[in-house]
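Have a look at the structure below before the remarks.
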Amino acid sequence: MEATRRSRLSLSRRRPPLGVRPRSNTAGSLPDGGECAKLWTELLRTASADLNVDGELPPLPAFPDQEPRRSPERPPPETFTVGTETFFWTPFPAPSPGRGGNSGGSDLVLSAVRGRTGSPQQYAAPELRGTPSAEEQPSEEQPSQRQSSVDGAMTLQSCPMCQVDFAPGLAQLDIDGHLAQCLADSTDDIEW
């Protein structure tokens, strides 16, 4: 039976030797009156002078042009039920009174960028300017890159890669599509 007792290990608290007492230093008392103890005492006194009775630090000073704000009041959580589950949701806080209740932040930004508000009919349309005509452009063109002026837009007469002539009524989108296809099929580097 004694063998089974020895095989079981049990933990027990050690007792301190009789000659040694545990130190009982509290935060306010320091062992000797040396220079180190005086420095620590002064540090503790300075730090505790900033504490309130509750142990909280005093509020930080307000920045210039910043009025102190009260803590935002949180609206009560709303509940909604889906099937047998009930969910809680805290709604967003209401906008501050200075921003206006109905207009969003993007409206304020857009009106500030525009510098004006109102409907577009109140303002004159901007002046439309066309592209320069072919006569105003210096012509250093090769025959394959000959351009004509149609409605103020410059168009190519032929493809610079495969030399195919474009039909006179061909839309710019069709010309761009042909050029893209030629570029995709081409393995040569073309300098424009």
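Cβ atoms here come from the backbone N, Cα and C positions, even for glycine.
Residues or ranges marked as compositional bias 'Basic residues' in Swiss-Prot: 1-16.
The region 'Disordered' annotation in Swiss-Prot covers 1-34 (among others).
Look at Swiss-Prot and you will find 51-151 (among others) tagged as region 'Disordered'.
According to Swiss-Prot, the feature compositional bias 'Basic and acidic residues' maps to 66-76.
The phosphoserine feature in Swiss-Prot is assigned to SER119 (among others).
What Swiss-Prot records for 132-149 is compositional bias 'Low complexity'.
According to Swiss-Prot, the feature phosphoserine maps to SER149 (among others).
Positions annotated as zinc finger by Swiss-Prot, on the basis of sequence analysis: 156-192. Break the zinc finger (156-192) down by DSSP state and the numbers are 14 helix, 3 strand, 20 coil.
As annotated by Swiss-Prot, Zn(2+) binding site applies to CYS159, CYS162, HIS178, CYS182, with the evidence given as sequence analysis. For CYS182 (Zn(2+) binding site), the count of additional Cβ atoms within 10 Å of its Cβ stands at 15 [all protein chains shown].
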Out of the binding-site residues CYS159, CYS162, HIS178, the residue with the smallest number of other Cβ atoms within 10 Å is CYS162
Excluding CYS159, CYS162, HIS178, CYS182, which residues of the same chain place their Cβ within 8 Å of the centroid of the Cβ atoms of the recorded Zn(2+) site? PRO160, MET161, VAL164, LEU179, GLN181
